[in-house]
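Feature annotations, reproduced from TrEMBL:
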type	residues	note
BINDING	GLY20, VAL21, GLY22, LYS23, THR24, THR25, ARG127	ATP binding site
BINDING	THR24	Mg(2+) binding site
BINDING	ASP42, ARG66, GLY88, ARG145	substrate binding site
Amino acid sequence: MTNNKTPIGEKSIVLIGFMGVGKTTVGQLLADKLNRSFIDIDEEIEREYQMPTTEIFKTIGEKKFREKEKETVICFANQRGKIISLGGGAFMQKEIRDACLQNCIVFHLDISWEYWKDRFGTLIESRPLLQNKTMEEVEALFHERKKTYADHHSNVMTDGFTEEEVAKQIINLIELPEN
Ligand SMILES: Nc1ncnc2c1ncn2[C@@H]1O[C@H](COP(=O)(O)OP(=O)(O)OP(=O)(O)O)[C@@H](O)[C@H]1O
Ligand SMILES: O=C(O)C1=C[C@@H](O)[C@@H](O)[C@H](O)C1
Ligand SMILES: [Mg+2]
């Protein structure tokens, strides 16, 4: 019998998409539902530097953050059976894209600009890349990055869906190994 589900075996699931689309929230829900361990790359980096991302950007700089991000994603992308939520900018690095696409199943959490722009106010405090940008500049970044997120295994539209519904959509798209 054939179906349209992606058999994932023990491969790790990676969530990509623009900042604030819900990668961390949905990733944690997925991990709970699938009984897999959850890795949030931003949280891993924050734990290592013992400070929030905004502070890392201010004191250590974005360049060092990106280097640590690359090292951290590549380390986890080589592991099996995990749910891994990337930071919004991680997929812009080719080595990260290659490692995730080769070793894991990559889901793009998609959102339209119309939906995303209402989330701006809740995100600005904790996302350094949104600070000191006009809404037009954020919109340009949003559309520019979508071109790179197009490199994925499966797309999940989140517009109008709760975090819980998005997690369920992903579960419906995959075929887990039988125990
Ligand atoms: N489907 C959804 N509907 C409404 N709000 C949502 C949805 N998904 C996430 N949110 C909310 O959006 C905010 C950002 O979510 P989250 O931190 O999971 O995004 P993210 O993709 O991990 O962002 P980043 O790329 O910066 O790590 C949170 O307040 C979360 O509750
Ligand atoms: O979109 C981005 O470039 C970022 C998103 C966040 O997840 C963090 O990784 C950081 O704030 C940078
Ligand atoms: Mg996140």
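Heads up, the Cβ atoms here are built off N, Cα and C, so glycines get one too.
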10 Å Cα neighbourhood of LYS23 (ATP binding site): matching binding-site residues from ASP42, ARG66, GLY88, ARG145: GLY88
Contacting binding-site residues, sequence order - LYS23, THR24, ASP42, GLY88, ARG145 vs ligand 3, Cβ under 6 Å: LYS23, THR24, ASP42
Whole-number Å value of the largest CA-CA distance among GLY20, VAL21, GLY22, LYS23, THR24, THR25, ARG127, listed as ATP-binding: 15
Sequence-ordered binding-site residues from GLY20, LYS23, THR24, GLY88 with Cβ under 6 Å of an atom of ligand 2: GLY88
Sorted by sequence, non-GLY20, VAL21, GLY22, LYS23, THR24, THR25, ARG127 residues with Cβ within 8 Å of centre, ATP: GLY17, MET19, VAL26, SER85, GLY88, LEU109
Chain-internal residues, separated by at least six, CB under 8 A from GLY88 (substrate binding site): GLY17, PHE18, MET19, GLY20, VAL21, LYS23, ARG127, LEU129, ARG145
Listed in sequence order, residues with CB under 8 A of THR24 (ATP binding site) and six or more positions away: ASP40, ASP42, GLU43, SER85
Those binding-site residues in GLY22, ARG66, ARG145 whose CB falls under 6 A of ligand 1, listed in sequence order: GLY22
Three-state secondary structure, ARG145 (substrate binding site) (per DSSP): helix
GLY22 (ATP binding site) CB neighbourhood, other CB atoms within 10 A: 22
For GLY20 (ATP binding site), the three-state class that DSSP assigns: coil
